[in-house]
Ligand SMILES: NC(=O)CC[C@H](N)C(=O)O
């Protein structure tokens with residue numbers, strides 16, 4: 001049974017066994033890419049509904065991981081396909097969810113649920129195979145603390161620095177395989193997706209990943225050519241300490257921020273963030289690059305947004321969402337700093353926006 005804070009109760013079937021999960025219920029409109037969505041740490045504390053009606057048909061594999069774990073607390077769909085057919089598949093979606101202790105729920109009227117979330121907004125919700133008392137479940141959904149003002153980054157950031165190579169993560173501080181690489185990049189891990197690291201490495205960067213709480217001085221001591229601010233979960237305004245660190249780095253090195261990293265930059269510039277009604281999650285969000293006039297189709301996953309009116313005069317809006325006009329990208333006009341709200345690393349989604357990593361490379365080249 002699924003209960004929402006507005007009193008709505010829906011039924012479905014668990015295909016992963018019994019359990020219970022509370023969180024913020026949101027929807028994603030991607031037609032494929034469920035493994036990348038499940039392993040994106042930005043979904044920490046959320047219950048994810050897929051609008052695409054059939055999920056699981058290509059199983060899961062060892063290569064499409066965007067982090068080492070699964071982050072939404074439950075995965076909700078219309079129909080689960082229990083017999084995957086794909087040469088890359090190494091397990092079924094049910095086996096994968098069970099391995100990480102995540103509830104998989106099918107048989108849900110996801111069209112009704114999505115319309116409800118669109119009309120009412122993202123809501124607190126609870127799913128249970130045990131407590132089937134509607135009134136109790138609705139009350140417990142309302143009791144869940146919500147995401148606003150809470151630091152979810154502490155739950156997913158790395159405990160220790162690590163490096164990234166073409167073969168994946170390597171333990172320890174320092175830049176791995178730096179010989180012959182053009183740039184050294186320090187990447188703040190707020191809940192980083194591996195494809196950001198894969199792309200930076202492919203573009204010739206030696207990458208050192210650091211925990212979210214790493215101070216500005218510690219980052220500068222690594223003598224990077226550029227600093228990268230990753231995506232991550234929850235409310236940017238609830239993340240402890242990070243905004244001050246980032247503010248101290250402004251003007252010192254080129255900085256590129258994605259999603260939560262972009263929101264943290266907005267706060268470091270002195271701006272503010274707000275919660276969108278139901279957020280943007282999917283692979284077909286149209287964004288206009290105001291610097292070139294081009295429209296790109298983007299991969300997105302966020303529930304908070306930087307308020308453009310709160311930004312100081314030296315920060316320029318570079319990208320806007322064509323569905324609702326919200327801020328999708330910005331750059332500082334004095335410092336080599338820019339960021340986007342969406343996901344140029346895709347995974348899953350269209351590759352239209354990958355050019356932004358080239359812009360970061362150019363920015364580091366200009367500043368060297
Ligand atoms: N993908 C992200 O980095 C999401 C940022 C933030 N947690 C939000 O929901 O807006």
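Note that Cβ sites are derived from N, Cα and C of the backbone, with glycine treated the same way.
On a predicted model such as this, the values are computed, not experimentally measured, just so you know.
The region 'CPSase' annotation in TrEMBL covers 1-183. Look at TrEMBL and you will find 1-128 tagged as domain 'Carbamoyl-phosphate synthase small subunit N-terminal'. Annotation comment: TrEMBL describes 42, 232, 234, 260, 263, 301, 303, 304 as L-glutamine binding site. Positions annotated as active site, nucleophile by TrEMBL: 259. Feature annotation from TrEMBL assigns active site to 343, 345.
Neighbour counts were taken at the CB atom with a 10 A radius for the binding-site residues 232, 234, 303; the maximum falls on 232. Among the active-site residues 259, 343, 345, the ones whose Cα sits within 10 Å of the Cα of residue 232 (L-glutamine binding site) are 259, in sequence order. A helical conformation is recorded for residue 263 (L-glutamine binding site) in the three-state DSSP classification. Close to the recorded L-glutamine site, the chain also has 231, 233, 235, 236, 259, 302: residues not among 42, 232, 234, 260, 263, 301, 303, 304 whose Cβ is within 8 Å of the site's Cβ mean position. Sorted by the number of other CB atoms within 10 A, the binding-site residues 263, 301 start with 301, the lowest. In this structure, 232 are the recorded positions from 232, 343, 345 whose C-beta falls under 6 Å of some atom of ligand 1.
Long-range Cβ proximity for the residue listed as 'active site, nucleophile', meaning a same-chain Cβ under 8 A and a gap of 6 or more residues, is found for 42, 230, 231, 232, 301, 302, 340, 341, 342, 343.
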